[in-house]
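The structure appears below as structure tokens.
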Amino acid sequence: LTGVLDDCLCDIESIDDFNTFKIFPKIQKLQERDYFRYYKVNLKRPCPFWADDGHCSIKDCHVEPCPESKIPVGIKAGSSNKYSKAANNSKELEDCEQANKLGAVNSTLSNQSKEAFIDWARYDDSQDHFCELDDERSPDAQYVDLLLNPERYTGYKGPSAWRVWNSIYEENCFKPRSVYRPLNPLAPSRGESFYTWLEGLCLEKRVFYKLISGLHASINLHLCANYLLEVETWGKPRWGPNVKEFTRRFDPAETKGEGPRRLKNLYFLYLIELRALSKVAPYFERAVVDLYTGNGHEDAESKALLLDIFRDTKSFHMHFDEKSMFAGDKKGAKSLKEEFRLHFKNISRIMDCVGCDKCRLWGKLQTQGLGTALKILFSEKEIQSLPENSPSKGFQLTRQEIVALVNAFGR
């Protein structure tokens, strides 16, 4: 993949060099820190658009939480429940061990982080969100350790998975009525006719489509890179790169020339999130903002590393210029921006229809990360006018948004 991306003045080689040598090593380190590795998510929210018709029955999809009585007291923030002999029977122990073996989403937290979750402040956010946010106070919301639950191919596919992407592309990508199915790029190709409608759209609607396509490509790339290669009867499953699957989804010959477009949209998504990081730097540069976990030394190191990444993002010389978006007459621009926001918010709600819990976890996180990036790009004036030594007014980010932004960009 080479050359200049559409709708911006950036070439792929420059992005590769910048990311490989400056950004990627640092963002990896940041993702390993306690503040960024624990993400609170509700995986039990019902699908708002159709009845749950295809919950994944494959073991690697499942969240199998250990019985409450078996979770060490140190990971239950604020809870005083203790072990009891009655609870500590072998059947429950077997259930717990079996759940771990099945690749369940592991919601275990380190003791070091216990106090952090008690003390993290919650703020009401007055900004309009681009995402439907989970209620963190819901009894169904749980902390998940992202490092113990990597994004990978679990075997979840078929009509249920297709329905999610089909709904996203068909109903939320500003499709003109004159364009007939299939709109989803993974559907059988209809050649260049698929792109003639896209080229006729205004910049904002093209950007929207490219972001969703880039997100789709990102998810597919990670599934190909961390694929369930074989299931051993008595041992652990083996995961690794599946070149054949990658070729099927991205090779020009296999995709009728479609694959490189998908990959270019991934680079476009990278540019948008990179631009958001460079724009949100003033928010974090203030002394009043602290990446608080309760471990003062680690918190200081985490913030220093984050600010270092911001400096790198500002040094990039071919940023996407978001000022070219929503730049027409004020009334039309405002209406289009609101339509843009509502379409994206709808996509974030569709993520609650994903039938595989691990896939839902990463889908929700990456969608929220992109939604946070869009929120930042459309709040530049509010960010620039933030007070230095008092809580934010007009613009603020919850910890969930910060964690989602960094991890989505890390993906």
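Placement of Cβ uses the backbone N, Cα and C atoms for every residue, glycine included.
The annotation active site, nucleophile is assigned in TrEMBL to C356.
The feature active site is assigned by TrEMBL to C359. A sphere of 10 angstroms centred on the C-beta of C359 (active site) encloses 23 other C-beta atoms.
Taken from TrEMBL, the feature FAD binding site applies to R152, T154, W165, S213, H216, R249.
Feature annotation from TrEMBL assigns disulfide bond to C56-C61 (among others).
What TrEMBL records for C356-C359 (among others) is disulfide bond. Here the Cβ of C356 (active site, nucleophile) has 24 other Cβ atoms within 10 Å, regardless of which shown protein chain they belong to.
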Query raised in the report: CB neighbours of R152 (FAD binding site) within 10 A?
Result: 20
Report summary line: Cβ contacts within 10 Å for R249 (FAD binding site), all chains included, total 20
Report task. Have a look around T154 (FAD binding site) and count the other CB atoms within 10 A of its CB, chains all included. Result -> 23
**Report entry** C359 (active site) and H216 (FAD binding site), Cα-Cα, nearest whole angstrom
**Finding:** 12
